[in-house]
Amino acid sequence: MVPSESMKCEHTNRGDGEQLSSSGSCQSCPSGSYRTRGEHKQCMQCPTGTTTESVGAIRREQCNTPLCKPGQFLVKESKHCQFCPRGTFQDEEQHTTCKLCPVDHTTAAQGATAESQCYSTNQCATGEDNCSWHAHCIDLPDDNDVPSFQCKCKPGFRGNGTYCQGQYPFY
């Protein structure tokens with residue numbers, strides 16, 4: 001008796017963790033699914049919020065890894081999701097690392113989900129300050145997760161740095 005196409009993966013030595021592809025060949029169940037030969041015809045999705053460590057899972061019990069969302073990364077050793085630290089982001093799910101913000105950029109908090117959440121830590125160099133033309137811009141360390149700078153009037157000028165006027169009137 002010739003096995004039907006739908007039973008093709010059943011009759012191979014590697015039927016567990018595989019399903020029949022659209023091209024008619026057996027393929028491993030993708031990450032986040034499993035298939036036990038004799039119980040399921042196709043790969044079954046893992047329960048919500050879980051995934052598998054790799055492709056080709058053969059039992060539901062292998063769906064024991066949390067599904068990390070954007071802004072998080074998977075700590076493989078302890079199998080838990082952790083928020084990306086400041087200065088990094090992750091815009092995709094189920095990764096074991098976070099992406100670095102560009103040089104001289106950071107994020108306001110942990111768990112950033114897009115590169116657009118990275119901001120410059122050097123507002124003076126980028127012109128994001130509001131200092132007077134007659135003032136120096138001085139970048140300060142980030143306090144309370146807010147980038148900061150100070151405007152200081154140049155020698156011969158006085159004011160608050162945002163507005164500076166000459167100390168000596170011109171006659």
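The backbone N, Cα and C atoms fix where each Cβ goes, and this holds for glycine too.
Bear in mind that TrEMBL entries carry predicted annotations, made automatically and left uncurated.
Taken straight from TrEMBL:
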- 7-17: compositional bias 'Basic and acidic residues' (COMPBIAS)
- 21-33: compositional bias 'Low complexity' (COMPBIAS)
- 120-165: domain 'EGF-like' (DOMAIN)
- 1-37: region 'Disordered' (REGION)
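When pLDDT is averaged over the domain 'EGF-like' (120-165), the result is 84. The domain 'EGF-like' (120-165): residue composition by secondary structure is 4 helix, 23 strand, 19 coil, according to DSSP. DSSP labels the residues of the compositional bias 'Low complexity' (21-33) in these numbers: 0 helix, 4 strand, 9 coil.
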